[in-house]
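Visitor: I'd like to ask you about the structure that follows.
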Amino acid sequence: MTANTGEPYKRHSNESPVDRNINVNAIQSDKFLSLLLSMVPVVCQTGQEERLKKVNGLTPIGYGFNIRTDQHLEFHNLSEPNYLGNGLHCSSLCSTNYDFDGYDYCDGINASETDAMLQDSRSSADGDKDALVEGSKKQTKESSIAMALQILVPFLLAGFGTVSAGMVLDIVQHWDVFKNLTEVFILVPALLGLKGNLEMTLASRLSTAVNVGKMDSPIEKWNLIIGNLALKQVQATVVGFLAAVFAVILGWIPDGKYQLDHAILLCSSSVATAFIASLLQGIIMVGVIVGSKKTGINPDNVATPIAASFGDLITLAILAWISQGLYNCLGSYAFVSPLVGVFFLAMTPIWIVIASKHPATRTVLHSGWEPVITAMLISSIGGLILDTTVSDPNLVGIVVYTPVINGIGGNLVAIQASRISTYLHLYSIPGELPEDAKGCYHPCRTFCGTGVNNKSAQVLLSLVIPGHLIFLYTIYLMKSGHTSLTPIFVAVYLLAALLQVFALLWIADWMVHHIWRKGKDPDSFSIPYLTALGDLLGTALLAISFHILWIIGDRDGDVGD
């Protein structure tokens with residue numbers, strides 16, 4: 001595609017296909033880079049663009065897509081008999097009075113990868129239409145029980161992963177680097193939030209691609225995978241560096257001073273952790289998506305929880321190990337910290353070149369930074385709350401529960417966001433909401449009703465209390481933490497967790513539809529915001545809960561002491 005160049009496409013009826021492979025002669029002087037680039041397939045660019053040119057009635061112009069009214073009607077007539085969503089499908093969406101020729105799908109220059117990855121699924125060949133019909137049938141046949149059973153196992157796996165992360169954090173908080181360089185605590189929610197910024201976004205994006213039939217071709221599948229992994233590494237490196245800079249600033253504000261070697265250590269630890277953890281989790285996530293497709297499981301239900309099942313544990317363990325190692329080198333090997341940071345930052349241009357070669361990720365590479373960076377800033381504020389709370393010796397018990405409440409809330413809201421996004425991709429067009437999705441968003445609209453999105457919200461909310469009870473009891477059996485499970489503590493903790501997920505699901509219902517109405521892809525834009533809000537809400541509510549428990553006299557701290 002050339003949507004990012006602003007050059008229009010024109011249909012050629014009797015001309016031979018145009019070769020649009022990217023010329024990399026300009027960089028062939030670097031033999032290593034040339035070898036690396038030669039390993040990356042670029043066939044999908046030619047294939048996708050030529051299919052777009054051959055589509056009857058579709059002429060992409062710049063950032064927008066002009067669609068003929070009769071073709072749009074044909075698409076909706078095809079999918080309309082299978083529609084069993086939140087309400088009756090309103091035919092006004094396909095009214096001939098609507099000016100489709102003048103409609104800009106991508107809302108100006110803010111084009112999203114929805115168009116690069118999914119645009120021909122709305123108007124291309126019959127095979128794509130069949131894939132849409134098949135996907136909608138799968139969704140309409142999914143009952144609440146089947147949905148709950150599919151979500152339950154990965155939800156429990158993700159929960160035990162967050163429990164493990166909390167236990168690790170409870171141990172490493174006593175390490176020298178965490179005691180002498182408390183700004184590391186500010187990094188914890190931001191780096192763990194990369195799971196929501198990157199891993200869950202990747203899972204949701206690929207899940208949507210699977211459900212609309214865009215990963216049926218092996219060439220398209222591997223081009224999507226390689227492009228998304230390269231994009232994720234770029235984002236992880238940049239966000240890791242910015243998170244460290246923000247942590248240094250937040251640590252400098254209270255006292256008005258900082259040490260340069262500590263600032264370099266934070267930056268190097270953050271960048272290295274983000275890069276390594278993101279690469280490992282990305283490979284795992286690709287395996288989960290491909291495996292779900294082969295086994296017939298809806299990846300929307302399992303991909304996002306599994307993306308977080310061991311993500312927190314891996315990220316936290318890598319952060320603790322690298323930061324402690326670099327801290328030990330401060331005295332005699334001071335050059336190690338800057339060397340580590342420079343090494344990982346120097347690899348960023350390579351990933352940028354690879355990601356820019358794939359149409360599914362090229363647009364996100366230019367316009368997808370806003371949600372990722374904003375989410376990092378929101379998570380860092382949660383980290384500041386955690387750092388302040390941990391500094392109080394009476395409230396150290398919060399450490400073991402913070403990854404649990406944040407991780408569970410982020411997992412559940414990511415599932416809901418991914419399902420709503422898939423629903424919109426199947427039954428609507430970017431920039432236009434279904435008739436039943438218009439109006440004011442309130443809790444009753446989110447949780448009351450018989451639509452597929454209402455049912456999923458009900459199922460996810462019902463998992464909060466039993467899930468957290470299991471995880472609390474697991475922490476108790478493992479003798480971890482500094483707080484006993486008194487009835488008052490359990491009640492206050494469960495109330496905080498329930499309020500967090502309730503608010504997140506409500507916000508997700510509004511945010512996903514709002515982003516879709518703006519012509520952007522909710523898979524890339526909503527999940528980072530939602531998981532970051534989950535981190536902030538979870539940490540804040542947990543801190544308030546511990547303060548309340550301390551005030552009313554529930555101060556037992558013998559467990560794990």
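First residue shown is number 1, and so on along the chain.
Positions of Cβ are set from backbone N, Cα and C atoms, glycine also.
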Visitor: Consult Swiss-Prot and decide if SER143 and PHE525 are found on one and the same side of the membrane.
Guide: yes
Visitor: Under 8 angstroms, Cβ to Cβ: which one of 151-171, 184-204, 234-254 has the largest number of such pairs with the transmembrane segment (532-552)?
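Guide: Looking at each of 151-171, 184-204, 234-254 in turn, the most contacts to the transmembrane segment (532-552) are made by 184-204.
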Visitor: Are there residues at least six beyond either end of the transmembrane segment (184-204) with Cβ under 8 Å to its Cβ atoms? List them, or say none.
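Guide: Distal contacts: 165, 169, 173, 177-178, 228-229, 232, 235-236, 239-240, 243-244, 246-247, 250-251, 266, 269-270, 273-274, 277-278, 281-282, 285, 288-289, 299-300, 303-304, 306-308, 311-312, 315-316, 319, 323, 371-372, 375-376, 379-380, 382-384, 386-387, 390, 402-403, 406-407, 410, 414, 417-418, 421, 523-524, 527-528, 530-532, 534-535, 539.
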Visitor: With a Cβ cut-off under 8 Å, give me the same-chain residues at least six positions beyond the ends of the transmembrane segment (395-415) that come close to it.
Guide: 151, 155, 158-159, 161-163, 165-167, 169-170, 173, 188-189, 192-193, 195-196, 200, 203-204, 300-301, 304-305, 307-308, 312, 316, 382, 386, 389, 456, 460-461, 463-464, 467-468, 471, 475, 480-483, 493, 496-497, 500-501, 504-505, 507-508, 527, 530-531, 534-535, 537-539, 541-543, 546-547, 550, 557, 560
Visitor: Most CB pairs under 8 Å with the transmembrane segment (151-171): which of 234-254, 334-354, 458-478, 488-508?
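Guide: Looking only at 234-254, 334-354, 458-478, 488-508, the most contacts with the transmembrane segment (151-171) come from 458-478.
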Visitor: What same-chain residues lie close to the topological domain 'Extracellular' (292-301): Cβ under 8 Å, and 6 or more beyond its ends?
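Guide: Same-chain contacts beyond the ends: 138-139, 142, 147, 150-151, 154, 203-204, 206-208, 210-211, 215, 415, 418-419, 422.
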